[in-house]
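Peer 1: Structure below; questions to follow.
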Amino acid sequence: MNKLFYLFILIASLFILTDASHFRFGTISWQPTTDYRTIKFTSNFAYRTTFFYSSTSSIKVGNLVNVGTLNFGSGVGSVTVSVTVTDFDVKNNWFTGTFTTTKAYPAQNSGTIREYTAIFTSCCRISSLLNNKDASWNITTSVQIDNKNELSMVNWSPVSGMIPIVQVVANKNNNFRVIASDQNVQNADSSALTFSFSKVYTMTQPSGMTIDSKGNCYFLPTQIGLYSTQIYILDSRGAYIVVDFILQSVAEPGTCDPTCSNAGTACNQNSQCKGCTNSGSTTIDTCTTSNYPPDFVSPPTPDDGDTKLFPIGASTSLTFSCKTIMSGRSTTIQTANLPVGVTTKTPVTGATSNTTITWTPTTANTGSYVVSLVCSDSTGLTSSVRSFTILVAKPDCGNGGYTESGVCKCVDNWDPASKCFECKDGYYGENCVAVPPCVNGVPNSGINGDGKCLCSNGWTGADCSISSSQSCKDLSNSNTSISYSNPSFVNPTKVQVYLTSTPNYEVPTIVSIPNPINNLDVYVLVDANLASTTAFGYIKSGMSTFVSNIENICETAQFGIGYFSDYTPSPISFSPSQVMGSPIAAAIGLYKPATYSTTSNGNSLLAATDAASASVGWNSGSFKVIVIITDSDHSSSSAQITAFTNKFIGKSIVPVVVSFGASSMTNWNSALTSAGFGSVVTASGTSASDWSAKANTGVKNVLSKIVYKSDPTATGSSFVSSVPSTVTVSSSSSTQQTVNGLKLSLPSGTTIVSPVATISAMGYGQTDISINYNRPPVATSGSFSVNQNSLATFKLTGTDPDANILQFKFTTFLTANAGVITDSNGKDVSKQQSNYYAASEIFTYTPFENYLASNTIRFVAFDGCVESNTYATISITINKVNQLPECSSISSTITTTLNTQSTFSMTATDFEDASPFLQFTKPTDLTAYGTFTYKGASITSSTKITTGDSVIFTQTVNPKNDATVTLEFRAIDTSNAFSQASCSVSFKIQHANVAPVSSSTSPISVIPRGSVSLTLVSTDSDSTKALFTITAIKNGNNGNFYTCSTNDCSCTSGSSDSTIISLKDQFSGISYSSTKANKLICFTNGEPSAISNYASISFTSTDDEGLESNTVSVVVNIVGDRANVAPVVTKIQDYSVYQDYLDSDAHVVTGTDADIDDYNPPNVNNLIAIITTPPSNGILVTVQNGNNVATQGNAPFTHYYRPNPGFKGTDSYSYQVMDTFKETSSVESTTVTVNPINHKPTLTVNSYSFTSQSGAGETQTLVTYDFDGDNVLCSVQAAPKQISMYDSENELITTLPKSLSSNSYSFKLLDASKISPTPFSSFSDSFIISCKDDSKLTTPYGVLSTGNVTGFVQFTYINTPPTTKGIQVELDQDTTEPFTFNGTDIESPSDLKAKIYALPANGQLLNGNVVLTSKLIGEETYELDALSYKPNAGLSNWNTIDNIGPLDSIPYSVVDQQGLVSDSDVVTFSVRPRNPPVYTGADVIDVLQNTRYPLNVQGKVGNGGSEVNIQVLKFSGRGTLSIAHSMGSEGTMDTEITSYPNSQTGSTSYNFAYMPPHNEYGNDFDFIEFKLFDGDLYSELYTITVNVIHVNQPPTIQLISYKVLDDTSKDNGEVLFDSTYIVNMNINTSVLIKYTGSDVDVDQVTPLLSTVTTALRGTLYTKDETVPDLKGSIIDRNHTTVEQSSDGYYYVVYSPVPDSSGNSYVRIPFFMTDNGGLDSPTLTAVINVNRYNIPPFVLAGNKTYSTTTKLALSVENVQFDDPDSGKSNNVSIVVSIVGENDENVASLEDIKISLKRMQNCELHTSLASISCLDTKSALNESIQTITVNAVTAGNYRLKLFVDDLGYNAPSAIRAQSHMNATGYVDVTFEEAETTTQTNDNKTVLTGAIAGAAAGTALIAAAAWRLLRKAAPPTDTFFSEAAFLGDGVSSNPLYEQSASAAENPLYQSASDTTD
């Protein structure tokens, strides 16, 4: 059963694959040939066989199949791909084919490599693919054109292959390998390949598939079906290929492995097997099967990945063997991608099968070939894919050559200079045969040549012996000058003939028709108005038989189909349906005619004419026939019959008319008899088989003979004197013969320009004859300009239709004062008025000095026989040259003063302008110090300042020191031309002195009869010395302020070393240190007891420049008075600390005292602790981490010991205690042991600078130090952002941190373009380094780090010269081509100019319309894209020696904006001697409304061209334009073109589909603009006009808007309907609804009828403008129509039932009816009748509160109410403290706020704001008491903001319906009383509130976090007014929120998301 199920799945999947699209597999490889730019491409593709053939057995190895176009890369052309079939698989319906071609790429400059991307792409992939279905395939490879390396070292691409369809098992592990070979076999170091999924074009890789870098694929497909994959294969030199193939996933039932817990259980996939040993493996299945597939036998079969060498010239064979172990089964081997020429034999079949391949490669086959094999058994099971490489190695000597003494000896005609790989001169092709004669040209020789003669300029013919450029007098006989022969039944297809007066010049033609015929196109034109549905049914059912009958005549026949209708009331002349190559039997099966009638307007002949005129996808080189099936004769006029005949002749189409049931076809018989071609057959009309058989007979009739006709509409028809007689086509053998009888004669007196005669061999093809005869030449007008006081050169040009050599003669000359024109000999042409000048003559025009007027001269052309009929004009324009302005520098420096205006002016002069302007280059250098204005506006780098006008600079910035700023400026004239030199003005920005600030400690205390010191302090940032002045002094009764000469207070007041301080005493010369100057003074007293405010002293300080500070006062208080007993000190026990670290334990100096006033623990301890002897090797500090030295202090006196840096050992200090009477205790000492520790190392990082020209920076070494002598190891923690940093080994630092082995580093700038923010500029950057030691100490810690140290690096950018590279400009003959010089500059790539050193020899350079002269190029530089090249008339690449070109070249350099010049290089001009393709289709198409139109665009190859490609440039876009892909029997697939231009290549006929937009029509409806191109040669712009023909359509209706009436709560404006058609109105109001209808039909002339269904609730009225409420008549079941208003709209008024409301209250349907009775779709308005939402309000009992800081303030009785909020819905409030006059929220550092109840509230983290969300009762309880506590005094307001969240509004508009209110309570906090008050508290508070303004938005965020838990967020609620506005905001109920539609689901109250 399992096996049967497996076979069913396998067969089903194969069936699906067979019925799919056609692409299966593809890969492209390449290799250079005899030179670096000639590349040989080898492509392998696989397709579905039945897409190209009628059955899988019809294909044969060696068949040629055209599969598309290979594009060689952007701008270098393409080639049609015709693969040679190499393998095919009958069972799986695919074949593989190989295509080889050679492409010569444009030459590269020496030392350069250019990469192109070759691509083979088309649509569409298989529709049933599980990934990438219906997508385009893109097979690409990167092609390297390498002119840098020797040819032997030039890269070859990889090569790969695969079976087109690889079978895999679903839900199981599938492992296979993609094999590829690196073709660089001539190199000793063959590069490795890497594999990955392709990302060249976007595609989806199979889910569950991976690939490693070696090409091993692992795939566990989870679905049964087809997958596509593309593998990317890259070699080490950057060349890649892809291999694209299909994976077919099939089911394979099995049982679980014995190691599984459910062993033996039936399974279909690995995941169904549980607990297995190999679970999760990517290579071993746990669901196994005993149904084993076949496998290859090795040997003889090559192993996967093997390489087999096939020597050149030797026959080599390989055998493949496959076997199965399953009894009763046989095996077969399928190969893929065999090289062309390999023969295959299969001598053995059965359980074991063998296949042998044999091949004898030639030198042309050099390279690698990846061949793939798969083995399948008779049940459909397949082996894994086996792939190997066939290597044809390139020998030392090719093509039979041999080596003798190290030199190649060649046989036959091979060239030893190429080691026998290239032909000798004069030989061509793979066999090096002799080239045919080539008289005046160069033969296309070489191994890749075709032997054709490439003629030199002026010669033509097969051997280039016929002159095509000569004087007319040299031609005396008629001759055939050019003949083109394309693949066709009739040859030649194009002929060029020169006719003289000799009559009846004969042009021979050849016919070659195979039997059976190989190309047949049949277009079926069906009458869609037959007599009955039964009759049309016969046509449908017989179409398949007809197709089969025709395919019996030609197996590859293609079909198209279209329709016409002869229904008299509404006939249709022609409507195309399917283009050529379509399944017409299926198409007609879906077609439904609109009418069946026996009446006819007889338009079948007109329909046939239109069908022949249309582009229906005819294939080039096919026999073309239109089969017209109709049941009525035509009734056309004679003019229409003539038009029919001419159209069929012009298109070489033959008609076959099938009379379907008609008694006679008299008119058709007559028309075809008169025409002389075509066939009429009669069918019964009652049988499908009869008409199909008769139609087949008609086609055979027209195939049986060749009827020649001359197209009378061709311009050269009058030149045809006779055509050949009818030729009979053999029915049993091929017909090949030369046909005579085509004769031409020159009509007398003809003036036809470029006549072309068309001779049609009806159906089989046609010959176009371009006829030349001597006609007058045409002189070509031109113009040029020359700069004032300069000169210009020019040539005279003209054209001759016969390519005769031209001469020219002047007919008018310059006026006397205009200047002089001289010839190349310097002679004035006005003195030689009868001279003829050659076309190569160069004339020079020199205008007289300062002559500026325009002038013209005239001339005629002469071809040797006649002059041109009209003269041509040369227009001369003299360009006035603008003189640059000049500016003047300001010599004196402008000195500025702070906050003072400085006014100055600048001057400039200009030759043309009286008042030029001036502009500053960089005014920001000055505006950094103040304001810089002109006429009141700030000056920028674009400000234009009139010369002499004043500008003002006001210094507002006080620099630390005086600064000098120099500004550059330039003059600019009215043409925006700048002065060549810059000028300057300098400013001295002066520093302004700042007054000092005085300070001191106050009050200070002193004991009775004691002394105390105090310090006078002055602070100043810009002075060096201070002067202190005593401004007031109060000594007390027994006190004195004094100083000691020892600068301390150790002296006694009144002693010789003391000085008493008096009023106005001064202390001068006090130095500032760290901005502070200190003066120590002393105070002593003789008082016996304590006295408060006993003494005081006031002082100021003055700086160096005399600025005086504020006045500071110091108050002295006297404390203490008693009897005393000496205290006792307490000893501190010895202790230890760590080296260099403060002791972590506090130590205390204290003692005891018998005096209770001094010592009474725990309440009194007035002892003073004194350090009598400080430690010798350390210090004592009072705070553990502080710096204050512990000398004395109140006992207990806490101190910490800090050893001196680096000290270790023992130390000691002594101490005692002193009581308040200065009695001291004895002295005690304590010993401290300092234990050694590890020290942190130090690091110094020096700044470094370098430039862009210094390359890599010099190595920098870090400066490190370790106190302990440890090693210091450093690492980079952060590298510079813009500079590359390298480690000690000079390796780029890419990961951080990075160790520096020798503590050194260096820098290098990799890419100056990435400097940010300004590329190519100088900048500073930083980096961070940290170091650590390697200490062995561990206590108290081990290894220590320096921490992060920042270093700085300065990069200076130095401008570099630009660079250039030669370019090749390609253009068409006789055209002008703009081009762009190739220049690059890393600093300013967009600001380069070109400098030209010489003019082209064979053409002109144009700057606009000005022809460049040697004078111009000597003085000017040009924008890179400013110039165009125009070759001289008639010249092209053919005029060069090798006929390849280029025609011209010029040397040039580029100059950057700094004037640096690049090295010179060359622009070459390659002029193509070809004509573009020509569009042959209709310019206008008629498309039925709402109907797809198959648009086929056909073109003809231009004379001398090779391709017809199309580029759709523009589409007007009202409809849809798509590319139509023919999928064979599957019909067509349309892919919309979404961007333009859109290009297609590889055919002469391109299929599109046009679809008009729904219900739109009209003439000139859409426009399609396109060009045809051949390579990069483009045709003129073609435009197809699309007319969309009207088909009657129903009307449409549109609801416009509504307006609520009777509602006074809001502005009742007009509201536009959205797509929901919802009306929102309030209770007890009415609404006016406005709507309209439209009809696309032009016959709808009366207003549409509006019908409205009666409302189920409420009342509907018509609108009556005469009554106030607008309510007209009631609309009920008897009155449902609404008349159109005078403004063109329709109106109804709706009123709901009074006092009722609700969502979706009522639905009102509307529809329209046209005057034909068609109804529009119905639109329904949904009425929501809503309740009113009442705004909340705020109440406050007391609106003013005041208190002092640091006291809590309770605000009571602040409440709010929302009338329509209930007990359950939430309301939002925000309680905050704001400023007195603004809405800025105060900071928590200034004021704090709290509520009585904080549940469901959130306090802001930094601002005085609380956000709450709860019911209104709960919130009112919360705010019953609001507590406010201010730190900073000031006037505040308590603000309560309430939002009702719109809960009373309907949910649909709740987001827009929030109502809110705001209330305030004033709160004032006075400053608590203090001894001093130096600042205005209000000022401080204002600053504090202003500083908190930025936090206001954060309060909104806090409210949002609460609110979003229970309410939908809206922008109305969270607008700025919600938090900052005063009072109740305006009602937002009817304001549309911009984000109203973005309403998220409510979140639960537990949501804590921020």
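Placed from the backbone N, Cα and C atoms, the Cβ positions cover glycine too.
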Peer 1: From the list Cys423, Cys453, which cysteine is recorded by Swiss-Prot as disulfide-linked to Cys438?
Peer 2: Cys453
Peer 1: Going by Swiss-Prot, point out which residue in Asn155, Asn354 is annotated as N-linked glycosylation site.
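Peer 2: Per Swiss-Prot, N-linked glycosylation site applies to Asn354.
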Peer 1: Specify the count of other C-beta atoms within 10 Å of the C-beta of Asn1348 (N-linked glycosylation site).
Peer 2: 11
Peer 1: Please identify, among the glycosylation sites Asn138, Asn1678, Asn1820, Asn1860, the one with the smallest Cα-Cα distance to Asn354 (N-linked glycosylation site).
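Peer 2: Considering only the listed glycosylation sites, the nearest one is Asn138.
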Peer 1: Quick check: of the recorded positions listed here (Cys438, Asn1348, Asn1678, Asn1742), which one has the Cα closest to that of Asn1382 (N-linked glycosylation site)?
Peer 2: Cys438
Peer 1: Work out how many Å separate Cys438 (disulfide bond) and Cys464 (disulfide bond) at their Cα atoms, rounded off.
Peer 2: 6
Peer 1: Would you pick out, from the glycosylation sites Asn138, Asn479, the residue whose Cβ has the largest number of other Cβ atoms within 10 Å?
Peer 2: Asn138
Peer 1: Where does Asn1820 (N-linked glycosylation site) sit in the DSSP three-state scheme?
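Peer 2: Helix, per DSSP.
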Peer 1: Give the residue from the glycosylation sites Asn1628, Asn1742, Asn1770, Asn1860 that has the most other Cβ atoms within 10 Å of its Cβ, counting over every protein chain displayed.
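Peer 2: That would be Asn1860, with the most Cβ atoms nearby.
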Peer 1: In three-state terms from DSSP, label Asn1860 (N-linked glycosylation site) for me.
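Peer 2: Once the DSSP labels are grouped into three classes, Asn1860 (N-linked glycosylation site) ends up as strand.
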Peer 1: Could you check which of the recorded positions (Asn138, Cys453, Cys464, Asn479, Asn1678) sits closest to Asn1742 (N-linked glycosylation site), going Cα to Cα?
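Peer 2: Of all the candidates listed, Asn1678 is nearest in space.
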Peer 1: So which glycosylation sites out of Asn1348, Asn1820, Asn1860 end up within 10 angstroms of Asn138 (N-linked glycosylation site), measuring C-alpha to C-alpha?
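Peer 2: Of Asn1348, Asn1820, Asn1860, within range: none.
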Peer 1: In the domain 'EGF-like' (428-465), how many residues does DSSP assign to helix, to strand and to coil?
Peer 2: 0 helix, 12 strand, 26 coil
Peer 1: C-alpha of Asn1820 (N-linked glycosylation site) to C-alpha of Cys464 (disulfide bond): distance in Å?
Peer 2: 108
Peer 1: Looking only at Cβ atoms, how many others are within 10 Å of the one on Asn1678 (N-linked glycosylation site)?
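Peer 2: Around the Cβ of Asn1678 (N-linked glycosylation site), 7 other Cβ atoms lie within 10 Å.
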Peer 1: I'd like the number of other C-beta atoms within 10 A of the C-beta of Asn1820 (N-linked glycosylation site), please.
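Peer 2: That number is 18.
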Peer 1: In whole Å, how far is Asn1770 (N-linked glycosylation site) from Asn1860 (N-linked glycosylation site) when you measure between their Cα atoms?
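Peer 2: Rounded to the nearest whole number, the Cα-Cα distance is 13 Å.
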